């Protein structure tokens with residue numbers, strides 16, 4: 001039977017991609033249905049209890065700037081907050097928070113249940129309704145059919161998921177959850193390229209069996225950072241420390257002597273694992289010269305005794321896992337409460353997607369999260385938001401939107417996936433972005449909130465706060481520009497006391513702030529330049545904008561030069577054999593990838609600058625030289 005009411009957008013899966021997709025579509029006013037196999041696991045942290053980190057924190061801030069959920073949820077659930085790379089420049093600083101799993105899940109579910117235009121329904125999905133190469137709905141395991149104008153697949157590791165512990169394996173979407181086998185089979189019938197990937201998780205330890213007295217503590221930052229531009233530290237729950245231990249030669253001997261029982265090394269697992277989150281087996285074998293690896297013991301929550309030992313992801317048999325755990329300092333009597341495991345799952349080649357994350361072959365079908373070959377909650381959330389907003393726009397007969405590489409880490413992520421694809425789980429790093437100085441955590445709202453407002457993602461409260469911040473920045477910069485001190489002024493002595501070289505000519509507040517030894521906080525304690533802004537976010541922007549003004553202007557010039565050709569569109573139906581002068585290799589790669597723009601084409605391995613020049617000349621001759629907005 002068909003459900004009596006049609007929807008604009010259906011989201012299949014309630015993880016980090018699915019929840020952001022559902023919230024985005026509903027915020028934009030579209031009638032949205034979120035289908036999940038279990039309402040109680042909405043927003044579940046399947047692996048590590050943490051949000052953020054290098055590159056990942058940037059994505060969370062961008063999701064927040066577009067009105068998303070993740071930053072707000074972690075501000076309510078974070079039990080330890082830190083700024084990574086705090087001593088480095090603002091481009092690579094990143095926020096990271098340990099999470100209380102239960103509080104995080106509660107925050108996500110509360111937000112979903114209070115979101116207008118959003119309905120949640122508990123049933124596993126087994127089929128899609130496809131009519132004339134267009135997806136128009138979904139079918140649940142009890143045969144109930146839902147119709148919609150767009151469908152977003154955010155199914156994580158559930159597609160034909162297979163869990164491995166030692167040489168034993170069984171079907172599962174993650175520990176304790178069933179896999180999605182009928183849906184996997186259905187998707188394999190569609191004109192989509194499919195592959196297998198693998199990820200893993202460490203055993204969980206009973207905190208009561210760990211001797212923390214012999215371990216080093218790691219505390220969070222004080223004052224505590226916040227993730228959301230709308231948040232403040234008073235929202236954070238009680239803060240707790242993490243602890244550090246290490247593997248040792250005994251640990252490594254245990255691993256090496258049991259590799260024949262590892263499903264990876266025995267050839268049982270076919271899927272490729274994440275390069276930047278390797279199993280402890282991989283670390284020991286790949287870095288054979290190292291006699292120890294640092295392991296972080298991270299609490300899973302304020303009301304839980306479970307500890308997440310970050311750094312020993314493994315699929316070795318349980319008896320070997322026990323030996324590994326008990327070989328480390330402080331863990332000699334530790335008890336495992338959940339075994340570690342590896343999981344293999346289907347993913348679909350993201351090169352078959354448009355930058356909006358809609359399928360090139362099936363109209364109305366969007367993909368987001370691990371199904372696209374990524375790893376990580378943050379990467380999933382960012383894709384979910386993009387897929388959700390574009391599904392909403394499609395259902396409203398509007399053009400899709402995707403950020404440029406120069407505009408957001410989300411733009412880098414999507415462009416990398418859609419242009420280059422991936423053969424291993426993709427993780428975001430700041431090093432993947434060409435324009436890191438422009439794509440900082442601190443200015444994510446300045447880059448994206450206005451666009452989010454135009455798209456219908458940003459509510460009135462966030463918009464008002466954003467405009468107030470802009471006004472504070474502009475007003476303060478004008479004040480510092482117009483407030484000046486001369487070497488002969490009475491205030492000069494007070495100013496000189498904070499400078500490595502005394503004033504030799506008249507200087508404005510901005511001139512002084514550009515000096516390496518001067519900070520905004522210090523400057524605004526000086527009589528001529530007091531008082532400081534009470535808006536800490538605006539104050540941070542004033543300092544960064546002034547200190548890095550020259551570098552930022554130079555990078556903006558680079559972006560504008562690059563964008564002249566970046567946005568030149570390539571016809572989706574173009575057969576590159578028509579373009580004379582291209583090599584057979586380039587023709588084959590362009591016909592295989594079908595890039596949407598010259599920018600995408602230029603990033604395909606083997607497509608040379610000379611080939612790009614030939615393409616531009618050909619487009620001009622054909623009268624097809626068009627640029628996207």
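In case you wondered, yes, glycine gets a Cβ from its N, Cα and C as well.
Annotated FAD binding site per Swiss-Prot: 13, 14, 15, 16, 17, 18, 125, 180, 370, in sequence order, evidence recorded as sequence analysis. Contacts of residue 17 (FAD binding site) defined by a Cβ separation under 8 A and a same-chain sequence distance of 6+ are given as 154, 156, 368, 369, 370, 380, 381, 383, 384, 387, in order along the sequence.
All chains included, 21 other C-beta atoms sit within 10 angstroms of the C-beta of residue 273 (NAD(+) binding site). The NAD(+) binding site annotation in Swiss-Prot covers 273-287 and is backed by sequence analysis.
Candidate binding-site residues: 279, 370. Fewest other C-beta atoms within 10 angstroms, 279. The least crowded of the binding-site residues 13, 15, judged by other CB atoms within 10 A of its own CB, is 15. In the shown protein chains, 18 other C-beta atoms lie within 10 A of the C-beta of residue 283 (NAD(+) binding site). Taking the C-alpha atom of residue 287 (NAD(+) binding site) as reference, the shortest distance to any of the binding-site residues 13, 15, 125 belongs to 15. Here residue 285 (NAD(+) binding site) comes close to 256, 259: these same-chain residues lie at least six apart in sequence, with C-beta atoms under 8 angstroms from its C-beta. When the C-alpha distances from residue 281 (NAD(+) binding site) to the binding-site residues 13, 15, 125 are tabulated, the minimum falls on 15. If you draw a 10 Å sphere around the CB of residue 277 (NAD(+) binding site), it holds 19 other CB atoms from the protein chains shown. DSSP assigns residue 370 (FAD binding site) to a helical segment in the three-state reduction.
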